[in-house]
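Novice: One structure coming up, written as structure tokens, with questions to follow.
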Amino acid sequence: MPEESIALVVDNGSGMVKSGLAGDDAPKCVFPSIIGIPKMPNIMVGMEQKECYVGDEAQNKRGILTLKYPIEHGIVTNWDDMEKIWRHTFFNELRVSPEEHPVLLTEAPLNPKTNREKMTQIMFESFDVPAMYVSIQAILSLYASGRTTGIVLDSGDGVTHTVPIYEGYVLPHAINRTDMAGRDLTYYMMKLFTERGYTFTTTAEREIVRDIKEKLCYIALDYDEELKKSEERTEQVEEMYELPDGNLITVGSERFRCPEALFNPSLIGRECPGLHITAYQSIMKCDIDIRKELYNNIVLSGGTTMYNYIGERLTNEMTNLAPPSMKIKVIAPPERKYSVWIGGSILSSLSTFQKMWITKEEYDESGPSIVHRKCF
């Protein structure tokens, strides 16, 4: 493999694909993991219509398309669509030839084995890459924060994980996974707006709600206290939001009621434990000797951890759960929305990592199962 070929780093999330070149400090392209198929093929004579649209283009034309997400809860469910997303990433977004660059892909923890094999197969057979590697998202987030031991609380659009890592090795028996993340909060926000008399129902309107959620929501340090405040002095929590058509709407207690579901999933009718309990249970599944280090290195990652005050609230909740003398430290890096990608960029540009790649020769010799031997 030529020395000068820079690796490509592609972080496939349920909501967004983050991609770019190894060594950069931020992804070059970020676009929604969406495929759009026209509802009425070729209805417009003389209009050039594609068979399918990917990413932002699908987002912009969503009125005439049926939208599909090939990655559900962090796991690829439709490989043909996934291949289209990768094709779009390489050729339209990054504008590179994949056969000239090694590619680092990311995967969810506890990913089915067949999924990793299929990823490997598509990279070598459809894109003809010279080398590739698959890394678990949480490890990359930890590397990006400059640590090798800690518990990563990664919450994106489709899935939330708590992953304990010791000296760079994931402890798989202690991973907790909840299929409750950003997308569920967006749906909950839509429901809260309905109660206020605003209706948002279509996929197009869902994107507006997602934007409101990302711009205006925050975590209450004390939920009951905040509710009381919002009832007594509404103006303290109210904010205005301008819709695309120019109308203004008022957003009030929804601002903290929506993300509260992270700590209390029963608000949205889910039986799973809250974020703090999931993290605590993960730590308790680990050896007693390393728990202290984990409590002291709780690293947040992913877009759904971007709410204001989430670090403080998590610290309070964990302090209540942990043994009295335990020191709790929550690390919330400002760039945590992209920390998986940043960790991938760091890892793939290390000189010591270059011998870790799965090469085309190794793949031709062993087939897709090589991924389990080389990527762990």
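Just so it is clear, glycine is given a Cβ too, placed from its N, Cα and C backbone atoms.
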Novice: Return the residue out of G63, G269, G274, G303 that Swiss-Prot annotates for the same ATP site as S14, G15, M16, K18, D157, G158, V159, K213.
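Specialist: Looking through G63, G269, G274, G303, the residue Swiss-Prot assigns to the ATP site is G303.
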Novice: List nothing but the one residue from M16, V159 whose Cβ has the fewest other Cβ atoms within 10 Å; the candidates are the binding-site residues.
Specialist: M16
Novice: Could you state the CA-to-CA distance between D157 (ATP binding site) and H73 (tele-methylhistidine) to the nearest Å?
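Specialist: D157 (ATP binding site) and H73 (tele-methylhistidine) have their Cα atoms 8 Å apart.
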